[in-house]
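Engineer: Structure below; questions to follow.
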Amino acid sequence: MAAELSMGPELPTSPLAMEYVNDFDLLKFDVKKEPLGRAERPGRPCTRLQPAGSVSSTPLSTPCSSVPSSPSFSPTEQKTHLEDLYWMASNYQQMNPEALNLTPEDAVEALIGSHPVPQPLQSFDSFRGAHHHHHHHHPHPHHAYPGAGVAHDELGPHAHPHHHHHHQASPPPSSAASPAQQLPTSHPGPGPHATASATAAGGNGSVEDRFSDDQLVSMSVRELNRHLRGFTKDEVIRLKQKRRTLKNRGYAQSCRYKRVQQKHHLENEKTQLIQQVEQLKQEVSRLARERDAYKVKCEKLANSGFREAGSTSDSPSSPEFFL
């Protein structure tokens, strides 16, 4: 084990460090394999020895060239903020760079607070929250981004002078960012049951006003049942009773309208028939008068003919001569 540690030129060789490392069983830790391109990326040399009172979330057996050590907490040591930013950006790439599609520069910009946290970084928050929940033995709880508040307060005026007044007027970034960081873990979204109950609660007072009278009458029973899902039984019964009342009222109005229309039609036919009867009566009267006139004329002709036949029976001018 000592031979393996001596092979790494970047590891410390002091007796205190060797004694501190030998206290751990290095065989039980898994070494994460990294691609060759990522291993060639320049990294921060591990020349600083962690004190005995510090707590680290990264095993010491991990190569320093591939995964930098996580920031440690020590009451007697003030670590630099650039190291915290570098650790977070490098640790982000080691976790899952393909899933987040985010560069280390974006993570640094998000820590400084020059623009809102993008959506991929919020998923990183949930991962960090789960990671810190696993390491619950840390003496002080901290946010998803270690050193974010310090970097925002101290590095902000030097890196961005034109945002100095904005940083002074704004509340502390740790307290302002805590609701947004705790949102994915402590405030989960409503489930399907909560959504259905919220829909039913929103329509409790206006279940009868939700559908108009025309919609209730024209809607089929199956479609109405589909729209009434989530409401209470009393509301459904009351709405269906209203639908039946409207249907009965509409049926009665339809029957009344048909009766009125039929009555008007019969009255019109009656008027037309009365007019035709009057016309026929007038025609009968006219024909009766003509008949009487022809009858009188016929009687006159018959009487005059008999008189002439009796007086001049031999006269060739008599009508009977031609007969």
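Just so you know, glycine gets a Cβ as well, placed from its N, Cα and C.
OK, Swiss-Prot features for this one:
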type	residues	note
COMPBIAS	34-43	compositional bias 'Basic and acidic residues'
COMPBIAS	54-76	compositional bias 'Low complexity'
COMPBIAS	129-143	compositional bias 'Basic residues'
COMPBIAS	159-168	compositional bias 'Basic residues'
COMPBIAS	192-201	compositional bias 'Low complexity'
CROSSLNK	Lys32	SUMO cross-link
CROSSLNK	Lys297	SUMO cross-link
DOMAIN	238-301	domain 'bZIP'
REGION	34-78	region 'Disordered'
REGION	116-210	region 'Disordered'
REGION	238-263	region 'Basic motif'
REGION	266-287	region 'Leucine-zipper'
Engineer: Residue counts in helix (H, G, I), strand (E, B) and coil for the region 'Basic motif' (238-263), per DSSP?
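Structural biologist: In the region 'Basic motif' (238-263), the DSSP-based counts are 26 helix, 0 strand, 0 coil.
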Engineer: Kindly state the mean pLDDT of the region 'Leucine-zipper' (266-287) in the predicted structure.
Structural biologist: 96
Engineer: DSSP-wise, what's the residue breakdown of the region 'Leucine-zipper' (266-287) into helix, strand and coil?
Structural biologist: 22 helix, 0 strand, 0 coil
